[in-house]
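S.K.: According to TrEMBL, the substrate binding site annotation covers B:64, B:114, B:158, B:165, B:189, B:241, B:259. Residues or ranges marked as domain 'STAS' by TrEMBL: B:346-421. The domain 'Cyclic nucleotide-binding' feature in TrEMBL is assigned to B:467-587.
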C-alpha cells in the first residue's frame, strides 16, 4: 500500500519544482555551474526512517550548514562557558559575511555568521594524530553516519576568492579572539565548507540533532544533549542570517542554510529535514528550500510555538480500592475488613506527557485528597513522558508522604520511573508491573494494619474457600470425600496454557502463580494465589482449554476434585452435584462482575 | 497536605530574596523610589490554577511588557501582512531605547524595541466611542481578567522624561511609518506603559498566551491562535532586548521584561510565569526575575528545545479480530466464518501525541500490512493530541483505502477526530465510542461479505442460543416447556443495575442494549444483543445484582426462564437442571476466557 507521507512529499516536490526563482551562488566556480533544476527533499525521523523525493543523491558542498556542527564540536571540547568568551550567542541582524565584531572585545555576535564560524574553527585543536580539520571531518561524518569527503575543486575555489574571510580571520586575530595562526584557521574553514554531502546526509545530520545527539540509525551518542540544546537555540535565533526573525515567525524550526543550495531544519524529538536546490534568494538561502520548509511547517503543524489543542487530562482515572479489588478470592472476614477501609487507598491512573501543567494537576489532586487517605497507587502505564518537573515534584511528595506515615506505590512495568525516583529519594519505592499485583499489595497493607491476624493464613480448609461458600456443610463433606491430596514442589508447573479441564484444585497451603501469554507471545504474571483459592476451573469455558500456566512458587498442597470425581459425584449424589455446579456458575459470574467493574473504571477516563 | 509546587516556589523565593544586586529604574520618579526588597513570583497554569510566593499583590507599571500585547492587538486589527509592512520581526541586537530604524524604509526591526512599539501603538485606531488608548486598556484587561488602571503619577513621569521616545515618534513620522500625529501616538505609548499590574495579573496575561489566546479562567478567546504564534515567536527572538540570544540558550522561553521590575515568560500549552522585583540589571531586566526564570527553566526542564526522552511508541497494541472478538455470542456457523477471516481485520490501538514522528510510525505500520487486510480499526481512546500532520495523513489514507475497496473505522469516544476527518474527506467515517461495538461492526462486515445469509437473523430458536449449545434436544425441550413469552416495546427498560437475579432471558427477535455505569456515575453502552443471545444471568454472581441496565432498542420478543421455573426444573428434572447449570457455568467461563484474551492484548502494549 502507498505511504501517504511519500505521496505528500512527491506532490510537494512536483509543485515546488515549478518555482524557478533565484540563481545558484556565483562566488565560486563549482557552485556557479550547479544545475538549477536539481531539487531533492529528504526527511529522516528520529527512528531512522528516511523519506526521499527528487535528487537526494546529488552531492554538493555543505558551506555554511557546517557552522552549527563545528560550533557543536567546540562546545563538546571546551564547554559553553569557555566558548562563550570567544563567541556570543546574540542575533546580529547582519548579513552572513558582514564584517561586524562587538565593540571593544571584537567578539563575534554568534557562531552562525562567518566571523563566529571562523572563531569556532580556531577553538578546535588537533588531537594526537588527528589534525584540526580531520577532527572536524570525522565529527561531521559521525552525524551523517558515513565518511564525508572534501571536494578539492570547491576548496580551491574558496581559497582563491575568500579575501573577505581572510580579512575577518586577521581581524579576529588582532582582537585575540583567534589565538592561532589566522591563515591556518581560515584554510580549515574553507576546507570545512568544501565537505560534500547530499540531502540524505544532511537529513540524518539534522535528525541526529532532533534525536538529542544520538544518531537515529547508528544509535551512538554523537554529542551531548546539552550541546544539542545550545546549538538548536542558536540556530533558532541566528540560523537564517538576517532573515532569522521572519523565519521564526513563519516556519518556527531551528534551521541553517548554505550557499551550496542546502538547507536543514530540525523538529526536536521528531524529525530532521534537508533540501537541496541550488538557486538562492537575496539572503543566500535556497529558494525551493525555504519554500519547502514553509510548506512543511504549515501543512504539518511543525511550528515550535504551536500551542496545539490541550492534551487530555493527565488523570485518566481516579478511584479507590473499593472500585477495583485485586480479584484475589479472600475469606468473608477479610473481605469485610477490606470493605471497611477500601476508601483509604486511592488509585490515580496517569497518562500522556507529565510536563508542568499535567504534573501540577496530578500533584493538586493528590494534595486535595481526604486526610484519611493512607495509600496512594500511581498507575503510570499510560504515561509517555515522565519529565523533570514530574520527577522533582514526586520526589517531594514521597518525602511528604513518608513524613505523614502514608505510603505510595507505583504501577510501572519497566521500572524506569521507580528507579529514578528511588535514587532521588534515597529510599525504596514499592512498584509493580501490573494492576492486580498493586491492588493485592494495597489489600495486604490494609489487612496488616487493621486485621493482622487475617494476613496470609498458613493453611485453609477446603470448606472455607470462596467457591464453596454457598454450599452446605453436608454437601461439602460429600465433596471432600472425593478429593485427592497432591503436593507440588517450588517451580513445578501444575497446569499449562492449552491443556483441557481435568479438575478444580483447592489450595490448602503454599502459593502458585498464574502466567498468561500476551498476543506477541511474551508471558506476564496475572496473579498469585494462596490458601483458600482455587484454580483449573477456567478450562470449563467453550474453548475447553486452560488459559494460564499455573506454577508452584513454594511447596504447595492442594486438594483436587478431578473431572472423574466430579462425574462420580453427578452420578452418586446428583443433588449435591447440582448445588456444586450452581456454586461454580456463581463463582464464574463473580469474576465476570469484577471484570465489568474494572471496565467501568477504564471507561471513566 | 502541602503542595510540592508551593513548597518549591516558597523555597525558590526565599533563596533568591537574598540576591540584592541591581538598582530600580531611575528614569522616572515613580519607579526610582520602588522598594528593592519587594519580590513576588506567580505561576498561572492553562487550567487557571495560580501559585504565588511573596509580593504578588504589589502594583507596578507594566512598562515594556505592554509591547507584545499592543503588537497582538495590531495583528488582530490588521493581520500580520499589513503590520509587517510597518514593523519587521528581526532581532536588532540593539538596546531597547536605541534609535535604530532600517536603512531606506525607516521600518523598526521588531515590535519589542521602543521604535517598533511606538509604531504598533500608531496602528491601533479608535473605534466608535472607544479611543485608541481605551481599546489598548480594554485589551490588556481581557488578558488579565480584570479592569486594569492607569497610574497618572507614572504617566506624568513618562511624559516629563520621554524625550528620546518623542524623537523616535517624530523620526517614524518622517519615514511615514507613523501616519497619525506622532505626539498623540507617543502620549498613548506613555499611557500604555503606565498601566498598573501586579505579578498575578501578568501571570494570567502570560497564561492566556500559553493557552492559545484563551483566558484560563474566563475561558473567552482573547486573541486568535495565529496571533499568539506570531507574538510568541517575536518574544523568543527579540523579547529580552540585546540579551535575547543568551536568554534563548539558557532559559529558552519566550519572555518580556519591563523597567518597572516585571518580567513574564510563557511555556506554550502549559504555563504563564510572572515575577516582580524592581532592581534591574544592565539590560534593564529585573535581576531576581531573570534568575527566577533561569532556575525554573533548569529545575523544571522548561526549555523549548528540550528534546526530552522519546515518548513511548504511538502504537500501543497491534492485533487482529482473532485476538478480540466482540463477545457477541453467535452461532457455531457464524463463528466458523469469523474465525476463517478474522486476520483480515487489523486493530491498531494508538496513544500519546500524534505529531510527525508518531504519525509516521502509524502510517508506515498500516502501509506495511498484508495485502489481504480488508478492515482497519484505529482505536484512538488513548490518543492525546491528534495533530495536523495526523489529520492530513489519515485523510490521504482514507482515500487510499476507499480506492482499494478496504474499510476504516475509528474508536473515538467523543467523535472529535471522526468529524474532522469526515469533513476533510467529504465522506462518512465509521466510528464507535467503545471497543466491543467496533468489533461487532467488523464482524458484521465480515459476515456480510463472506456469509451474508448469517447476518442478523430475524428470529432465532431458543435451542440455537450459544448458552444451550451443550444441552441435548431432549433437555432443551423440557426447559422450553417452562419458558414464559414476553414482548417489550422499544425504549422499555427490562432490567436495571442493582436488581436481583430473576431469570435468564433468551432473545428470540429484536435488539436490546446493555448500559453500564462508570465509577463517576456516567453511563456507557456496553453491548447490543440480538436474536440467539441471552441476558439476566450476570446477577448470578456473588453480589447477586444485575450489573447492567437492559433496554429494548426495538420491539423485542424474549423467552424467559424465571428463577421460579428454574427451581421447578431443579425439583422435577434434577438431571436436566444439572446439565443446564453446567451449561451456564461453561457460558460464564467462556466470558472469563474472553476477558483474559482482552487482557493479553492490553498487556502487550
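Placed from the backbone N, Cα and C atoms, the Cβ positions cover glycine too.
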S.K.: Limited to the domain 'Cyclic nucleotide-binding' (B:467-587), I'd like the whole-number average of pLDDT.
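M.R.: Here the predicted model's pLDDT, averaged over the domain 'Cyclic nucleotide-binding' (B:467-587), is 88.
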S.K.: Using DSSP, would you call residue B:64 (substrate binding site) helix, strand or coil?
M.R.: helix
S.K.: Quick check on the binding-site residues: of B:64, B:114, B:158, B:165, B:189, whose CB has the lowest count of neighbouring CB atoms inside 10 Å?
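M.R.: If we count Cβ atoms within 10 Å for the binding-site residues B:64, B:114, B:158, B:165, B:189, the smallest count is at B:165.
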S.K.: Would you count the other C-beta atoms found within 10 angstroms of the C-beta of residue B:259 (substrate binding site) for me?
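M.R.: Excluding its own Cβ, the number within 10 Å is 23.
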S.K.: Could you find out if DSSP has residue B:259 (substrate binding site) as helix, strand or coil?
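M.R.: Residue B:259 (substrate binding site) sits in coil per DSSP, no helix or strand.
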S.K.: Pull the DSSP breakdown for the domain 'Cyclic nucleotide-binding' (B:467-587) and write it out as helix, strand, coil residue counts.
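M.R.: For that range the per-state counts are 40 helix, 43 strand, 38 coil.
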S.K.: Summarise the domain 'STAS' (B:346-421) as counts of helix, strand and coil residues per DSSP.
M.R.: 34 helix, 26 strand, 16 coil
